[in-house]
Amino acid sequence: MEVESKRRPLADFIEAMQKDVTANMRGILVDWLVEVAEEYKLISDTLYLTISYIDRFLSSNPINRQRLQLLGVSCMLIASKYEEISPPHVEDFCYITDNTYSKEEVVKMESEILKFLKFEMGNPTIKTFLRRFIRAGQDDCKSPSLQLEFMSNYLAELSLLDYSCTRFLPSVVAASSVFLARFTMNPDTHPWTPTLQHYSGYKPSELEDCVQAIHDMQLNRKASSLVAIRDKYKQHKFKCVGTMLSPSEIPPSCFENIS
């Protein structure tokens, strides 16, 4: 958890650093990269690492909007090499942009990003913590719940679209996603447990802001035009969790600390 606070984007990095790129453009890029990851059957770790690289790069490097997609595919190329057994080639990433960028441009951008990252390509992402917290969240289930796993992953991916969620540590987003998944599936039970509190290190009250932000995404109150993640999780292979309805309000009692 120490590394996550060192290798993370700055707070308010778009306002502080970017003149030509907006939070909305970032959301559109993330939504498109979800489709790219699906197209090339990339593991979710690659997607999370890609977004982490993008946000860290944007925290220190002003970029014009014409190069934002180039940044996105170059970050995904690096993340794929780090995470995948058979990563897509540079040419694949040029092809997916309708050859908007040449192979040389992607390779040059890749080199720029790697220098900026000081070749420190591994950093804890939301997914790193999600695995651990989902296991802890199944402590009170008789058998492993695939529905809880898919719902937690769905909500965590939705958080990637929301620039305001970048102010939270990855571990907070992961814990909040499990919290909200449990609430969605069982609104009448307290979503947090002593086991979850022990393994995450967070009390319900410490998750409230993040849970509410993700809940807004879940209810389509924000970024409703970005549908790649919602469509992905409406599929049967993800138990259609994208179609499950969540109550419109989370009772304040859910955020009361447990003994």
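Here the Cβ of each residue, glycine as well, is placed from N, Cα and C on the backbone.
Here the structure is a predicted model, which means the values were calculated and not measured.
Residues annotated as domain 'Cyclin-like' in TrEMBL: 31-115, 128-216. Taken from TrEMBL, the feature domain 'Cyclin C-terminal' covers 124-247.
Each residue in the domain 'Cyclin C-terminal' (124-247) has a pLDDT score, and their mean in this model is 92.
DSSP labels the residues of the domain 'Cyclin C-terminal' (124-247) in these numbers: 82 helix, 0 strand, 42 coil.
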